[in-house]
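Note sheet for the following structure.
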Amino acid sequence: MQKQYFSDLPKHVKSFSPISEPDRELIDLAFNKKKADERKSWLGDFVPGTYLDQSASNISISDFINKELILFSVADNTRSIPSIMDGLKPGQRKVLFSCFKRNLKSEIKVAQLVGYVSEQSAYHHGEQSLCATIVNMAQDFVGSNNINLLLPIGSFGSRLQGGKDAASSRYIYTNLNPLTRLIFSEHDDPILNYLDEDNVRIEPEYYVPIIPMVLVNGADGIGTGWSTSIPNFNPLDVLKNIRKLMQNEKMDEMAPYYKNFRGEILRQSEGKFVVNGIVEQLDEYNSEILELPVGTWTQTYKEYLENLLQNGVIRDYKEYHTEKKVNFLVTSFKKFPLKISTTLTTSNMVCFDSEGKIKKYETPLEIIKEFYYTRLRFYTTRKEYRLKAIKEELNKLENKARFIREVINGRLVINNRPTDSIVRDLESMKFDRFDNFEYLLGMKISSLTKEKVEKLNKECEEKRTEYETLSRKSAYDLWSEDLDKFEAAYIKVFEEDRAEYDAEVSKKSKKPLKKKFSTQELAKYGVIAESSSIKKLDKKETTSVQKKVKSKTKANDKPDKKSVKVTKKKAKSNEQPVKKIKTEASAKSFGAAVESDSSEFSNPGINTGILIIKYLVINFQNIMCCFGVSEVQNTRLIFEILASWCVFLKFCTQVP
DNA sequence: GTTTCCGCTAC
DNA sequence: AGACGTAGCGGAAAC
């Protein structure tokens, strides 16, 4: 399809109408970094089903922005922001759907799962993204998931580097977490609203887990106009509040919670929490760091300590941590307050609600409430669906039982009679037809034995009981059963996991003897003679020391293993900016990108195209700089560059 | 007070 | 194959 599209490129190359004054404001609305809130309302007014007329050869800027660019922005949000019902983004949902569809029971290589997912769930994007999504869903180190829906079998990354240390998808395996099906119940599978892609049933609009998973594992996402940031909460807290709602009681306030985190999370103010690590002061000079705040990775903290060391703020530090355990020993010249706390906020919790509308939630309790009512309705639907299904099964069984009775007592004769005649008898005896009576006539002859007859009667009885039992249960009863079952399993897994962590943490590491400095040593380091000058390195000095360190590192050109993280520094405004276009990298990535694209747009290449346009607009000044133009006055030029993108595509398709 | 960085799905 | 660079938003850290 794409080949065909590009072979007829002249037909698809459009030119922009001359730019008008209102257009300038629209361009600003679309691209200005400071106008996220304006973009929120711009997107809010979007009418689904709006498309750019593809037959027109001339496109006005306003049509382009309001009918084409907005489609990209909407898609950007849907893929980046989760649903309040299952806490999943479409990519993650496709992964889960595919695992369920495959009835994943034994471990599978991540790279292989990626292939399966893109095939089964119409995933139209790059494999790298999907790999990262799967790895993310399976991570279980402190600060990642509270309940990882997939299992990490192999190196899925650790808190050393915040998961960036994961191995390649070729080397690692995954499987469904046994808890996953307890949360995403099989009984709900038939009542979900499945989406359709080219007449193939793919993942549902959203799953309906038994607790709001968006709070359990949190979420982070960046879209257009909107972004979201939801911290993790304790599944047991969430569960308890769901029960409270069922009892019509007031819910308890909740603070964020991270599995196996040993520090503390305290409410500082409305929607703001302080996250503290653990430092133990061993003696005047030595302190031991036993835990870092959530999201502060061990490697990052090491670099922070290294900086302090280089700047002469601390004397030494030693590391005894493992993948799971944080453990630094810091030796300072004096009591030095180590930075060991961060904050978490609940001020930007954005989700799509059950109606598919993007919405900001102020508190976790508001999220639970909204989840609750929709989920409750799904339990009612589940009950109705299940009753109907049991009734059908029972009906079939009863037909079979009656059929056998009639054969045995001779009122229905089968032996040596033509089928048509038997079928007429069956009709007059009012048997249900289902599959043209094959379910009756196709029964084994052994069904007529005493044992089988008794067994069939028993099955009928069981079905009747099942029907009766279920019809007496309320939606609340069904939900409670699910919650109880999950809670028991979760606590068991949780305790095992915690025991493993405790064992790891309490394992004695070979610590050096606590070191006390002799007077001579202190004098040697200048602590005694000039203690005041050391303990208060003022800002100026710190900076100069830092500079020194940096230049030294550069001069050596041989950074040792404990090298200081050299922060990227853009040229300052007073210096002549060194503007550079990474032409090769960009062209390469763009060239590759036009090959694939998602089908949610009217034309192939739109997703990529919009990204390129954004890139061009944002970096416009840079590009012109290469041609010796220092500043561009005419915004229209931007869109002429866009036109050259089309020429570029044409060029690509002409390469033999 | 301003700039940079982080997190994440996509290219 | 791996390393790198881009968009987009909000908030914290760094300058």
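Using N, Cα and C of the backbone, Cβ positions are placed for all residues, glycine too.
Predicted automatically and left uncurated, TrEMBL annotations should be read as such.
Per TrEMBL, the listed range annotated as coiled coil is A:380-407 (candidates: A:380-407, A:520-547, A:576-603).
According to DSSP, A:Y171 (active site, O-(5'-phospho-DNA)-tyrosine intermediate) is assigned to coil rather than to any helix or strand. Taking a C-beta cut-off of under 8 Å and a sequence gap of six or more, A:Y171 (active site, O-(5'-phospho-DNA)-tyrosine intermediate) has these contacts in its own chain: A:G154, A:S155.
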